[in-house]
């Protein structure tokens, strides 16, 4: 009797809370709010996050001690709080200052060179104060070696939810919490922030469809915390396939299925590299032993088969500001200090004003990158941004290229200009690979459709 009263009271509170939320606005994508926050839209379609107890900030990303406590960065990286309290995207208000030899949003990736067989060659980064140790320089022009440890898109969103599947899903909290495969993204936050297999699944697996044959060189895994307790994969196997039907397991030295060591807690990162690398379209992870539940967040590492898919320098500022230009630039409140200039249109750029936005919503607008010299361009990654809470992005676009910046060729496939699918939100990465890579010094992105304003952050891929 007492139990039923407690359940009735709990249900009453849930119904009351849901009524309060509904009165405050319509529900929106919960992934926009971190740490289990509830996403609502206001009368002007502005995004609001109702934060759970213990969290605050625009997207429920801060604790009372600030976004750098505990330190979200890896490999002894320093967490720096940004000066702006209001930012142009939904990332937490910090950046990770990576030590030499590491890169990534959280300094999680070791910047090493691997040859096409996945064998370690040498570390690319050398401290300024150190004397460089002679090492063979990879001849990228002949494809003798290639840096093949790029994140393939689980964390950034280039791998869409529809590309991720699993054998089963755990349903928690009276069936209201779905720990689905689309949540198994590295560093995902929130109360429900990972994939967990059903307790009744004796042979669980999670699969990623890369949509094309790629070279896969490794995997990074994380556990998660469910109901306040750590859960993670202690060991797992990896299988791969070209057609999604016939799978082969990675083998160990004795010819048996190789078991990879997983994690030791719910949050630390574990990196396993494959030697040799895999050529596959489908990758499956099979948990072998788990701590409490089989709960996983992960990222795949690799590159295109041709080995020519490295970032060309927008995100890491190798391409200087002077080599980025645009047809026009929007200024918030018509103030130059709040200009969304072309040099801001760099992938994952952060800050209150952190992207390029065109002055007008017109198909005549463009964003241009001067690569400095002629390069082979094989792909592009795009991203939107937010202007004081307003989500803005390019939904579709064309690409043009030139050798002299005067005569332009619009990229074509099957005899007509190709319209690429762009973004669906302000934060996720959208990666498009060119079926016909081209040589060019200048590249332009030509928006075709957009949401709110033409707003863009990007990276070009190639070699």
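Using N, Cα and C of the backbone, Cβ positions are placed for all residues, glycine too.
Taken straight from Swiss-Prot:
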- 1-22: signal peptide (SIGNAL)
- 24-61: domain 'EGF-like 1' (DOMAIN)
- 28-39: disulfide bond (DISULFID)
- 33-49: disulfide bond (DISULFID)
- 51-60: disulfide bond (DISULFID)
- 61: N-linked glycosylation site (CARBOHYD)
- 64-108: domain 'EGF-like 2' (DOMAIN)
- 68-79: disulfide bond (DISULFID)
- 73-96: disulfide bond (DISULFID)
- 98-107: disulfide bond (DISULFID)
- 148-303: domain 'F5/8 type C 1' (DOMAIN)
- 148-303: disulfide bond (DISULFID)
- 266: N-linked glycosylation site (CARBOHYD)
- 290-294: disulfide bond (DISULFID)
- 308-463: domain 'F5/8 type C 2' (DOMAIN)
- 308-463: disulfide bond (DISULFID)
- 316: N-linked glycosylation site (CARBOHYD)
- 426: N-linked glycosylation site (CARBOHYD)
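Candidate recorded positions: 49, 79, 266, 316. Nearest to residue 96 (disulfide bond) by Cα distance: 79.
Here the glycosylation sites are 266, 316, 426, and the one with the most other Cβ atoms within 10 Å of its Cβ is 426. Take the Cα of residue 426 (N-linked glycosylation site) and measure to each of the recorded positions 73, 107, 294, 316: the nearest one is 316. Recorded residues residue 51 (disulfide bond) and residue 33 (disulfide bond) have their alpha carbons 8 Å apart, per Cα-Cα distance.
When the Cα atoms are compared, residue 266 (N-linked glycosylation site) and residue 303 (disulfide bond) turn out to be 28 Å apart. Checked against residue 33 (disulfide bond), the recorded positions 39, 98, 107, 290, 316 differ in C-alpha distance, with 39 being the nearest.
Across the disulfide-bonded residues listed here (68, 98), the residue whose Cβ sits among the most other Cβ atoms within 10 Å is 98. Within 10 Å of the C-beta atom of residue 49 (disulfide bond) sit 23 other C-beta atoms, taking all shown protein chains into account.
Mean model confidence of the domain 'F5/8 type C 2' (308-463) amounts to 93 (pLDDT, 0 to 100 scale).
The CA atom of residue 316 (N-linked glycosylation site) is located 12 Å away from the CA atom of residue 98 (disulfide bond). Cα distances from residue 148 (disulfide bond) to the disulfide-bonded residues 39, 49, 290, 308, 463 are smallest for 308.
Across the structure, residue 294 (disulfide bond) and residue 73 (disulfide bond) place their CA atoms 25 angstrom apart.
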